[in-house]
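See below for the structure under consideration.
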C-alpha cells in the first residue's frame, strides 16, 4: 500500500515547527523557538520570529527528508495550525503553508491545534477512547470523543493553567517559562499554605488562585508558595478529569499539552486512575509541547478521510473551538457510547455493597428509618490530593450538601431527605430512581428547567448541574449532589450553573439542541430573570479561552 506523506507546520505561539510524517513514522522534524529577552510572549514579535525562520525551517526539513529518500514531489498535502492561537503567528504560518501548497500543487489541510495535541497522544500511546485532560499555556479542557466530534466536558472560565503559572512566576521574579521553575522550587518546600480551590461542575477558574498565591509571597517562602500553588491547581484539574471519567464511564485518561510535562501532575493523574481502575496514558515529553509532528499527523488523518480545504477557506481562526471540528477520521463503532437503560433494568444493590463510585464519594445502602433502605454517601480520601486540601474540601462539601439540599427542598425542589450527618458522611433517603443521563428527552429537560428555575429563585446555585445529578423516580425528578452548591443571586453565578448543564448536554447527549430549547422553556416558567441568565450563558460560551 502506498504511503501517505504529509508536511505539517505548527506556529500558534512560541514554537515554529515543521515535520513530515507517514501513517507509521516521523520522517523529519525541525523546530525554531521564539525566546523573548524578558517577560511573556509578544504576539507581533513572535510572528516576526516565525516569518524570519519559516523558509529556513522548511528548507532544512526538506533536506532532512531528502536524506531519507523523500522528495518534495512525494508530499501529498500541507497541513498547518489554523487555530486556536495568536492571530499574527497563525497568519504567518498559514501564508507559508499556502505558498508551499501552491508551489507543489498539493492541497491544504487546516488543523485544529487542540485536536492535534489529542491525536498525537493517541498515536504515541495505547489509548483508544480516552477522557483527555488538555492543559497548555492558553487552554485547559477536559475533552472526550462522541458522535463525530471531540466534546468539551469542562474548561477554564478565565485563564489557561500554563498562562496562570507563567503569570504567577513573572510576579515572583522567575524567568520564563515559569512552569518548570515552579516545579523545581516546589520540590524544596516545607509546608502547604491554604489557597482557593475553585471548581464549578467540570469547569475551572485559576485567576483567584494566582492572585492568592502572589499575595501569599508576602508572608511565606517562594518554595512553599510554589508547592502550594502546584498542589492546588493540579488537584483541581485531576478532579475534573475524574468527574468526566465518572460521568462517561470511560476507562482511559490521556494527558495532553505542554503543562503535562510536569512530573507531579503525572503522578497525581496516575494515582487517580489507579484508584478508579482506569488506565493512564501520557506520550513522550517531546510530543507534549507544540510541535510540527502533531500537526502533520492530524493533517494526515484528515487528508485520508477527504478533509482538505481550498485556498479561500484557509483563513485562520484564533478562537477555533475543539468542538467546532467534524471528526471524519474516527470509526464510530469503536467508540464507547452512553448505554440506554430503563428504570425497570436499573441496578438494585444489596445493603453494604457500593452502589456508585463517583468522583466525589462512594455510595452504598444501609437500613434506614422504619426498616426502609437508606443511602450513605461517604466522601473518601483522595490519595492524589494533599491531605490538607483533601480534608478541607471533603468536610466543607459534606456540610454544604446537607445544608443546601434541605434549603432546596424547602424551595420546592425535590431532593433526598437527610437522616444523619457525620464529618465526611451523609445518610439520606434512598431514591429508587435512574440518572437522567440514561434517558434524557426534551420533555424531561423541560422539567429540569423548571427545577433549576425554582432553585435559582431561592438564591441557590447548584454548582454541578449535570445529567448524572438528576434522578427520575416514577414521574418525579430529584436533584442530588449539592457538594458544590452555594448561595449567590448574581447573573454570573447562575449563568455558569446553566452553562455547566448545557456543556453536559452537548458533550454527552445526541439531541442537545432540542434539550437546550426545552430547558429554556421550563426555566422561564419558574424563574422571572431567566432571559438575563440565558443571555449571560451565551456570553460565557463566547469568552475567548485563548488568552
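The backbone N, Cα and C atoms fix where each Cβ goes, glycine too.
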Matching residue for the L-threonylcarbamoyladenylate site, where Swiss-Prot names 134, 135, 136, 137, 138, 179, 183, 262 - out of 166, 203: 166
One of 290, 313, 323 listed by Swiss-Prot as binding Fe cation at the site of 113, 117, 134: 290
Integer mean pLDDT for the domain 'Protein kinase' (340-547): 90
Cβ-Cβ neighbours of residue 464 (active site, proton acceptor) (radius 10 Å): 25
From recorded positions 357, 361, 363, 464, the one whose Cα lies nearest residue 134 (Fe cation binding site): 464
Which same-chain residues, if any, lie at least 6 apart from residue 117 (Fe cation binding site) yet have Cβ under 8 Å of it: 134, 136, 256, 257, 294
Secondary structure at residue 361 (ATP binding site), reduced by DSSP to three states: coil
Candidate nearest residue 359 (ATP binding site) in space, where candidates are the recorded positions 113, 290, 464 and distance is Cα-Cα: 464
For residue 363 (ATP binding site), the one of 113, 290, 464 that lies nearest, given that the recorded positions are compared by Cα: 464
Conformational class of residue 117 (Fe cation binding site) under the three-state DSSP mapping: helix
